[in-house]
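**Q** Here it is: the structure, laid out below.
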């Protein structure tokens, strides 16, 4: 039987007329006609001929509303008609449609395939529509190697890899994840329910998936409604329904996810939901129903329950945008093509208005759905290569297909492939190209509108929405107090910065930080936040609040800023990132002490004035100062009459009107200085800028802050660089916008490590990590130890909820111009105070104290003399950096080619190395640095001051150059080593081997020591055995790696060390920039600087192939000699020592030998073999013994040649090994 084709010209009737449902009798007649007569295919054919593709439309279902079916098909037609039903040159499409929507799709397809006989090579299928039809048709599609384009189903049973269904929408389970995500991110509801009909659409499976998903987010469903879906579409019994409903409503759900189509029980559920007082305000969130518009369903529900419309209560997911979202380029084109189609074919039933898709949102959404299907079909048919067989076409659809429709992307689609291919980025076993879920809500007048923040995307490389990639959200609040102009503006500035760090809502994004504003006023803010926390999920409150709000229970505050001054009291749920008032006062008073200022005055506003005055006085006394006068202002008072013409005045608690008064006073009285708190600068920044811009008084207004300069376009701060990239508008660069950005960056980065997010877990993050570093901002340590007994703190320094570090003193002039210098370099205040004793002693008490003191002094003298003899080896730790939050500058030194020099000059090296140690230790003392350890001839030195460290390294090179070594042998050996290297390396040019002797003597002399310097935070530990401090972590590793790539006589500084120097310090140094250098174990290149300690020296290229023996991240490393002692021939003495150790330790296990040999390695300066593990084996022990023997043997040979009576010692740090002259005789016995 051959099909008859009805050709359609440009002026013919539309390609499909409105089709309505037929009666059952007519349906049987149609089936008979389909088998006895040819099918009429309505098509637009290119008169020039070409390939014709038949598209069988199964985009209909007997169970679906006709308006839904017509809308989808109208959208499909609009796409194809826009190109005159031609998908490519010479490729036309014929759409084959059923005479009636009452014909069973499966039977329609079977009959049509029989009509075509065996000619199926140019055949595609559109649809099917509906879960039951998709299941019935799949076997037929598979048997005939056909693919159903754009099937519309919502069942979880179709979520596996089914290559004969080409889905353009996300899976139903994925759509159900999105409402759950929305509940936590935007709605922030505490009680979330779930509704499904058992046996319908895989409802129980969808519920199980949803339970698993929200448990990952730290939530659970408060209540579940489910009844069995009865056969024949009949609802369950009223008694069963009522019982289930009462249990569900008793949970007081604030939102319910509804996973069901409009069966009687589902409709009854909605009516109960809107009419029951317990649930009448509940949000309804649902995947798209498909069979009927959610708008129609909701309208019918409210009318039946006689309940008015409450907008924004119903939220629905969809797979495509609404037809009116014309900010999307694809939708703009859709509107043009849809309007043209409906204009040309006005007789199309129900859509005689060309703008129908803009007036009926539900129909418009379905038209977009059909239009996208047409666009995908058109792109899939563009290539001619697949047209030889149906199998070839099927395979072509899964060759990593991605369809780009303007700015809408569908795909990737991929077929069978192995795990290796998948790991390399291929999409495998994926027949679902929908990667976007669009959420919309029913607004006023039953119109659908896009939900703000309701667009969730997955990567095209991810086939299904995996719940594991959806991160638990942190839902934060900011507060806009509209009745206070300055606070509202401050909140807006803070939100400008923090909003750049919040989540985009894309699925799989590691950042899940969401922020919402609460609009209120200063009087209602406490009550509204208290009510909100009882009804909604609130993880934390950020930014500007009132002091009263901080006392609300159950809320967590991250870096709160209050308009009135207050002291910090420890509260676990209040985390400060900015300097507290106590920290600011400490830093400012420290500055006053450094400039030897007179006693300051204090003018203060606020309810905590007495306590703040006490805190200021305590701080001043600590630094040897005191208050000259104090004034507490009452409401309405001004500061002008209380400002002295000279001297220092603290003004704590500013009013807006004070700023102009202060500017005028400082401009006129040049000897006056005013100090204010940073929160006043931040909140009133606009007023300060307006008043002090171009004013001479700007240099005399001071404050303390831990922020880098927010408007420095030439900044070296990583934080500010990121801030400027995020906030492009220069006028929005303010202290509060930068503060918001830094706060958001901290949350953004740390959320990646949180598997669950709650207020308590967020607080735990700070106290568990103790010290937190984000970009170049450092916070901590945060401490909360168990030191409170019966409400009394029993230990000092055991609790800290503040963590600002690197607090510097600025003038207002610097705030206005970033090139103005800091008044005081950054410091991390210890908040250790001197507490004077206010109780005077009676004369008798005083006499007793004096007498007792004399006795104590005499006793102390005796004990001191005794200690000089018994504790001479005790270390002096005064100069050791001990502040865990303060940066430490580490210096590593090493003698170049030391092992080769020992082999060449065993007689000279002991004295040379002793001189080396003595000279370096004298410099350590001179520059108040700290000797951490020596390993062999390498030093590890710590310094509190970066400049002192650089000065030490510079003078080290100069002292070695000027020292009289009493021999030229060392220099001759270095030149010989260079020539030997040049013979082996063609590209190597000896820097000193062929230098003129006179020039050489001005630049080089004796031992060549390489030096590496790096500055950063360390893990500082006190060793009870050595009674000294050691420094661990990335900073020590970086310093060691810097030294390891240097050449002898060269001093290298990292970028961090160089930038830690002040501008004045850097001006005193001669430094050459070496550019970015790749260091082993460091993920990114490090910018290096060379300190030209001896001008004129030239060096070989950096030793970038250098490999450290110790490559661990958390251990201190020191560089080692250039050559292993394994390569040195053992002398007679060394062989004797090796034999002695092997005989002595031969019966020990390897672990016991390791324990015994390790102290010798440390004290003799013997480096361990490369890549040796933590646990030694027999070979490792033998190698270590050989190295010890080689090192000690050199010394024994030298001293044995001089005298038979002397013992020898290694040159390690203060340790001695005695070797008897009779040792060899003892062994021979």
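Glycine is no exception: its Cβ is also placed from the backbone N, Cα and C atoms.
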**Q** Which residue among 626, 1178 does Swiss-Prot mark as N-linked glycosylation site?
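**A** Record lookup in Swiss-Prot returns N-linked glycosylation site for 626.
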**Q** I'm validating the feature mapping. Which of 25-45, 46-66 is tagged transmembrane segment in Swiss-Prot?
**A** 25-45
**Q** Among 825-845, 846-866, 867-887, 888-908, find the range that Swiss-Prot records as transmembrane segment.
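**A** Result: 846-866 is the stretch Swiss-Prot calls transmembrane segment.
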**Q** Which residue, out of the glycosylation sites 77, 626, shows the minimum number of other Cβ atoms inside 10 Å of its Cβ in this structure?
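**A** Output over glycosylation sites 77, 626: least Cβ neighbours within 10 Å is 626.
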**Q** So, three-state DSSP: helix, strand or coil for residue 768 (N-linked glycosylation site)?
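**A** Assignment for residue 768 (N-linked glycosylation site) reads helix.
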**Q** Nearest to residue 768 (N-linked glycosylation site) by Cα, among 77, 84, 626, 693 (glycosylation sites)?
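**A** Smallest Cα separation from residue 768 (N-linked glycosylation site) among 77, 84, 626, 693: 626.
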**Q** Whole-number answer please: how many Å between the C-alpha atoms of residue 693 (N-linked glycosylation site) and residue 626 (N-linked glycosylation site)?
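**A** With the alpha carbons as reference points, the distance is 33 Å.
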**Q** Expressed to the nearest Å, what is the distance separating residue 84 (N-linked glycosylation site) and residue 626 (N-linked glycosylation site) at their Cα atoms?
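**A** Approximately 90 Å lies between the Cα of residue 84 (N-linked glycosylation site) and that of residue 626 (N-linked glycosylation site).
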**Q** Could you give the Cα-Cα distance between residue 77 (N-linked glycosylation site) and residue 626 (N-linked glycosylation site), in whole Å?
**A** 86
